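Record features, source TrEMBL:
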type     : residues : note
TRANSMEM : 6-31     : transmembrane segment
TRANSMEM : 52-71    : transmembrane segment
DOMAIN   : 77-149   : domain 'DUF1736'
TRANSMEM : 138-157  : transmembrane segment
TRANSMEM : 169-190  : transmembrane segment
TRANSMEM : 196-215  : transmembrane segment
TRANSMEM : 224-245  : transmembrane segment
REPEAT   : 265-298  : repeat 'TPR'
REPEAT   : 299-332  : repeat 'TPR'
REPEAT   : 367-400  : repeat 'TPR'
REPEAT   : 469-502  : repeat 'TPR'
Amino acid sequence: MLCKEQGITVLGLNAIFDILVIGKLNVLEIVRKLLRKDRSLESPGMLRTGGLLFRMTLLALGGAGVLYVRWKIMGTGPPVFTEVDNPASFADSVLVRAINYNYYYSLNAWLLLCPWWLCFDWSMGCIPLIKSVGDWRVIALAALWFCLIGLICQALCSEDSHKRRILTLGLGFLIIPFLPASNLFFRVGFVVAERVLYLPSAGYCMLLTFGFAALSKHTKKKKLIAALILGILFLNTLRCVVRSGEWRSEDHLFRSALSVCPLNAKVHYNVGKNLADKGNQTAAIRYYREAVRLNPKYVHAMNNLGNILKERNELQEAEELLSLAVQIQPDFAAAWMNLGIVQNSLKRFQAAEQSYRTAIKHRRKYPDCYYNLGRLYADLNRHVDALNAWRNATVLKPEHSLAWNNMIILLDNTGNLAQAEAVGREALELIPNDHSLMFSLANVLGKSQKYKESEALFLKAIKAHPNTASYHGNLAVLYHRWGHLDLAKKHYEISLRLDPTASGTKENYGLLRRKLEQMQKKNV
């Protein structure tokens with residue numbers, strides 16, 4: 001119940017089991033007496049057999065308590081859902097809502113009978129709305145209610161008490177756990193969700209078993225029925241193994257949904273996101289575009305597509321997409337920040353600052369946005385504002401390495417070596433194993449002529465990342481200043497081997513070689 005609201009329906013299942021199996025109450029007799037308003041219903045023996053009334057009271061009180069706790073955890077209010085989550089619940093017509101809800105029930109029933117169409121998400125256009133009774137899918141509703149009414153009639157009116165009890169128990173186990181997902185009591189945030197069928201499947205198995213038992217009594221082909229049952233068991237086991245394999249990786253899970261729900265924008269979005277995470281941007285763009293085409297208001301797809309286009313330097317289209325995303329959802333803080341980054345790249349600094357400020361207004365604790373705002377101020381040479389923005393980022397997220405690093409570098413470049421050193425030491429206390437912070441602080445210490453401490457930090461950074469050319473190059477500069485020319489020569493050469501195009505390192509290495517040659521001549 002703390003995770004999924006279906007949990008509370010277990011209490012209803014307990015009640016049905018207690019009434020029908022332990023209490024052995026005759027449902028048909030109770031219905032008849034209710035219709036005749038028979039006073040014998042009020043007799044103490046009717047409900048108190050075996051403490052049934054006491055147990056029902058305990059279940060009711062327990063259920064009420066659990067509901068109250070869940071309500072408090074939720075903030076004494078239901079969650080907010082959008083039209084794409086459950087389109088039928090937002091339909092204006094009561095008839096359209098009723099038809100579609102019943103169609104969803106028939107789909108759930110079909111998934112129990114034939115679990116072939118399985119999808120991790122059924123929202124966002126996966127199941128188009130039925131808008132008229134002329135839609136052929138209405139046949140599914142008729143079939144569902146034909147079967148249900150038939151079973152209910154048998155459960156209530158059959159002369160065989162054992163049959164009535166089994167059918168009532170099976171129907172109770174099938175229907176009661178499904179009630180929270182039925183949209184009857186409150187709006188739910190999905191169209192179809194396979195997880196809500198786990199508990200009802202117990203009732204389905206009970207009814208199926210009873211059906212096969214009844215069938216075997218009225219036919220001589222018992223081997224055929226046995227073969228049919230084994231065949232169903234085998235096919236469902238095989239489907240379970242296949243589906244479990246699909247759940248083992250995001251890629252398989254998301255792609256398996258494409259054939260089931262090709263109209264679902266979220267499926268295309270998830271495939272695209274998975275591809276983008278793997279670095280396949282070209283394929284990701286294709287799926288993101290399809291997600292936006294299927295749902296033109298899908299702001300998360302627009303945001304991710306805009307990010308990829310920004311990285312590919314397609315800034316104009318990226319700005320258009322991100323502007324549209326914030327227009328559709330004005331409180332979308334991430335899209336505002338990304339729009340600011342694109343505007344900054346387009347040299348539209350005033351608009352970028354406004355976008356960053358809007359992002360922070362909608363998400364006050366947003367360290368990445370403060371970091372990007374600091375970069376904008378640094379580009380505009382507003383150094384104090386840049387330092388304040390980066391400081392805000394580190395206050396909100398003390399392990400924000402980039403913000404710390406930029407503070408050290410800016411203070412270093414502006415000649416504030418003592419302040420840069422203090423910030424560097426503070427950063428390394430919080431993030432002691434960050435090699436980039438070691439490198440930046442080592443540069444500051446070297447300029448302050450604290451050569452021994454600077455050397456130690458450079459060597460730690462190189463140990464963490466031995467193939468970074470700039471680490472070796474700057475250590476070589478330190479040794480050059482310190483007078484350890486042989487060590488300087490060694491690290492210049494390593495740096496140039498790793499990055500032969502580094503012009504600054506080439507120049508410094510040339511100066512060192514000339515100095516060494518002059519020293520050799522002087523010695524000669």
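Using the three backbone atoms N, Cα and C, a Cβ is placed for every residue, glycine included.
Counting residues per DSSP class in helix, strand and coil order gives 36 helix, 0 strand, 37 coil for the domain 'DUF1736' (77-149). Across the range of the repeat 'TPR' (265-298), the DSSP-based residue counts are 27 helix, 0 strand, 7 coil. For the repeat 'TPR' (299-332), the residues of the chain that approach it from at least six positions outside its boundaries are 265, 268-269, 272-273, 276, 281, 284-285, 288-289, 291-292, 338-339, 341-343, 345-346, 358, 362, judged by C-beta separation under 8 angstroms. Residue counts for the repeat 'TPR' (299-332) under DSSP (helix as H, G, I; strand as E, B; rest coil) come to 27 helix, 0 strand, 7 coil.
Counting residue by residue with DSSP, the repeat 'TPR' (469-502) contains 28 helix, 0 strand, 6 coil.
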